[in-house]
Amino acid sequence: MARVLLGTILMFHMVLVPSMAGPAYNKNNIPFQYGQEIPKIENLIGGQVEEQDAFAYQAFAGKLKVGFYSETCPNAEKIVAEELALIVKRNPNAVPNILRLHFHDCFVGGCDASVLLDHNLSGEQVEKNSMSNGFLLKGADIVDDIKAKLEEECPETVSCADTLAFASNEALALSGLKPLAHVGGRRDALVSVSKDADNLPLSTWSVEQMINLFQQKGFTPEELVILLGAHSVGSSHCDSIMDRIYNFKGTQLPDPALPPPFVQELRQICANPGTPQFRNLPVNFDETPKVMDNLFFKNLAEKRKSLLQSDAVLMDDPRTAPTVQKMADEPAEFAKRFPQMLLKMSAMDVKTGNEGEVRKSCIVLDSVSKLAQCPYGKRATARDGVAGEELVDDDGRSNLLP
């Protein structure tokens with residue numbers, strides 16, 4: 001069954017900080033567009049904490065702090081920004097993949113890189129093999145590439161959890177928003193349990209179900225809506241919307257909430273249901289799948305256009321509809337608030353101090369890696385072009401945060 005990622009979506013001890021990357025986003029001034037020359041790395045690195053944003057870092061960053069690696073690995077943030085920019089130039093889908101992966105990590109036991117592990121010492125199935133994540137959760141290869149560069153510079157220093165969080169923050173710059181100052185100090189989990197991932201939201205969930213889950217994680221209904229703005233980038237797949245466009249709730253009719261022209265548009269993409277000719281094609285969340293803007297909200301508020309039922313119902317509930325409308329009406333507000341929510345998410349239930357470990361390889365526990373000299377080998381990498389090629393939502397599973 002299709003899963004929703006906030007998407008992926010989807011997504012601290014520092015204060016919310018806009019970067020020094022330049023003026024606020026607008027469609028004519030995107031910091032980096034795919035196919036262009038890679039921008040200067042100093043323009044991609046999370047900015048300095050601005051005084052007026054101090055309250056946000058104090059509220060959201062918790063035990064984490066800005067400049068955590070300033071002495072032990074001073075180039076860490078630059079390495080993450082540089083490597084991600086190179087990967088995105090070859091694979092634009094890396095942005096929604098990273099945001100989605102970060103959500104899947106943080107919403108299952110906290111932001112501790114447990115989703116990246118390939119094995120448990122007990123032999124129990126890991127999170128990435130759960131029904132919620134499926135076997136095609138993308139983005140782990142991207143983290144591998146970045147972590148390998150960090151290991152060359154500063155061996156066994158930067159955690160996989162921080163690597164993923166830093167990459168998610170830098171993804172903002174590569175999709176049109178200002179990144180925040182990085183907060184670090186996360187440690188890596190010692191275990192990853194498949195069944196723990198069963199709490200990820202489904203694309204058929206009601207507002208009530210989503211509010212209950214997000215409140216358990218410390219998010220208000222308003223913050224839930226803003227975080228779902230991660231659906232501004234990336235895509236879902238046909239199998240996640242077939243019921244809505246062909247047989248909504250067993251009626252043999254489309255969801256009446258969908259505009260008829262939109263239904264026809266989707267049926268042209270997702271044709272031949274139930275036949276050998278059916279192809280599970282990607283379907284973009286909105287018309288600007290590579291740009292993090294408020295078009296997702298404008299489509300929802302003004303046209304009732306949305307792929308996922310769990311997105312559509314946001315306009316039907318008085319606890320969420322006003323925020324959808326506000327984000328649709330005020331693009332600058334979305335550009336400000338979404339990074340704040342990503343910051344808050346990245347500090348969820350983090351392990352710090354002597355908790356957990358710092359893995360040398362993100363796919364295997366450090367103790368096992370050292371003992372057996374990492375017998376599991378290295379997965380195909382993002383730069384190989386073997387993995388991470390598709391858009392956010394492999395087979396429609398768990399695409400809430402892209």
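Every residue, even glycine, has its Cβ placed from backbone N, Cα and C.
Here's what TrEMBL has on this protein:
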{"type": "ACT_SITE", "residues": "H104", "note": "active site, proton acceptor"}
{"type": "BINDING", "residues": "D105, V108, G110, D112, S114, E127", "note": "Ca(2+) 1 binding site"}
{"type": "BINDING", "residues": "P201", "note": "substrate binding site"}
{"type": "BINDING", "residues": "H231", "note": "heme b binding site"}
{"type": "BINDING", "residues": "D286, T288, D293", "note": "Ca(2+) 2 binding site"}
{"type": "DISULFID", "residues": "C73-C154", "note": "disulfide bond"}
{"type": "DISULFID", "residues": "C106-C111", "note": "disulfide bond"}
{"type": "DISULFID", "residues": "C160-C362", "note": "disulfide bond"}
{"type": "DISULFID", "residues": "C238-C270", "note": "disulfide bond"}
{"type": "DOMAIN", "residues": "63-366", "note": "domain 'Plant heme peroxidase family profile'"}
{"type": "SIGNAL", "residues": "1-21", "note": "signal peptide"}
{"type": "SITE", "residues": "R100", "note": "site 'Transition state stabilizer'"}
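Annotated Ca(2+) 2 site D286, T288, D293; additional same-chain residues within 8 Å of its Cβ mean position, judged by their own Cβ, are S232, V233, E287, P289, V291, M292, N294, L295, F296.
If you take the CA of E127 (Ca(2+) 1 binding site) and look 10 A around it, the recorded positions you hit from H104, C160, P201, C270, D293 are H104. For S114 (Ca(2+) 1 binding site), the same-chain residues 6+ apart in sequence whose C-beta sits under 8 angstroms from its C-beta are D105, V108, V126, E127, D188, A189, V191, S192, V193, D196.
Cβ atoms within 8 Å of the centroid of the Cβ atoms of D105, V108, G110, D112, S114, E127 (the Ca(2+) 1 site) belong to the same-chain residues H104, C106, F107, G109, C111, A113, V115, A189, S192, D196, site residues excluded. The most crowded of the disulfide-bonded residues listed here (C160, C362) is C160, judged by how many other CB atoms sit within 10 Å of its own CB. Comparing the disulfide-bonded residues C73, C106 by how many other C-beta atoms lie within 10 angstroms of each C-beta, the top residue is C106. Cβ neighbour density within 10 Å is lowest for C154 among the recorded positions V108, C154. The Cβ neighbour count for C270 (disulfide bond), using a 10 Å radius and every protein chain shown, is 21. The Cα atom of D112 (Ca(2+) 1 binding site) lies nearest to that of C160, taking the recorded positions C160, D293, C362 as the candidates. All protein chains included, D286 (Ca(2+) 2 binding site) registers 22 other Cβ atoms within 10 Å of its own Cβ. Sorting the binding-site residues D112, D293 by the number of other Cβ atoms within 10 Å puts D112 first. Of all the recorded positions in the list H104, D286, T288, the shortest Cα-Cα distance to C111 (disulfide bond) is found for H104. Of all the disulfide-bonded residues given, namely C111, C238, the one with the smallest number of surrounding CB atoms inside 10 A is C238. Each of the binding-site residues G110, P201 was scored by the number of other CB atoms within 10 A of its CB, and the lowest score belongs to G110.
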